[in-house]
């Protein structure tokens, strides 16, 4: 039901398996680069956002990202499925 | 891209928009265009509305085509049957080049935009209820009578693109943009800020007996953007139009720098 993702600085993020269930994410979990917690927490929030608003008729709200996080995301997120 | 600016010898400085053009193809457009096209019935349901056009226009083939009667000193337009307020939509306009005359404008309009005027003009885009691309002059109109209208697509030295018989209109009601594509190439957003409205395909014409066809290519419901694309939007926004050149200085692999610049 849940999987645990661990950041390079030791934060553990527990997310629903079906939210994070993409090939890229699983590959990243197994042998991907170390991802800092500021990036991983944003990625986990994104998993829920994407799951919630895919194939939904509700208006999709903005997904806020701080500029400094955005750069880090660009560097690491290629390892997670877009 | 951008070499002409750096090489020197050009008398005018290209604007940032032409150095790093925002060719941000609406997400889902490729998918939409590669999916099986809607059948004839659907094309007609999204076709020209015989009850929502100038009285000088005759809609034929259940909405797939209209013909403008040769009425002198009149500009005449038509709206599609369906208006769009959400999602991504694309349709093909087929307008023979010899049937365009002095004012041939292609775009969208709200239900309130007038569809007839008693003189030859770029009617579509001349008010606040319509947006249009003059496919003869290459200019974009919204609340505009012509003078000072921007060129589209923006070219460094102002050269104009010849618009062939067929062009695609791409309306993204999630991003609020209207853009066009020619020969499979998306030319970039022409208009922004369209969210929150219901917009209908529209054209305005002056050429007697011109026949303008519309072929709806499909619509796509909004999906959340990918995390990569969201991050790209954020970085581009933080840099702003004038500093996009500094992407090269960012601590990113070359492929990611190109991604940021839509290359």
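Placed from the backbone N, Cα and C atoms, the Cβ positions cover glycine too.
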Looking at B:1-53, B:54-106, which stretch does TrEMBL describe as region 'Disordered'?
B:1-53
Quick one: mean pLDDT on the domain 'SOCS box' (B:211-263)?
89
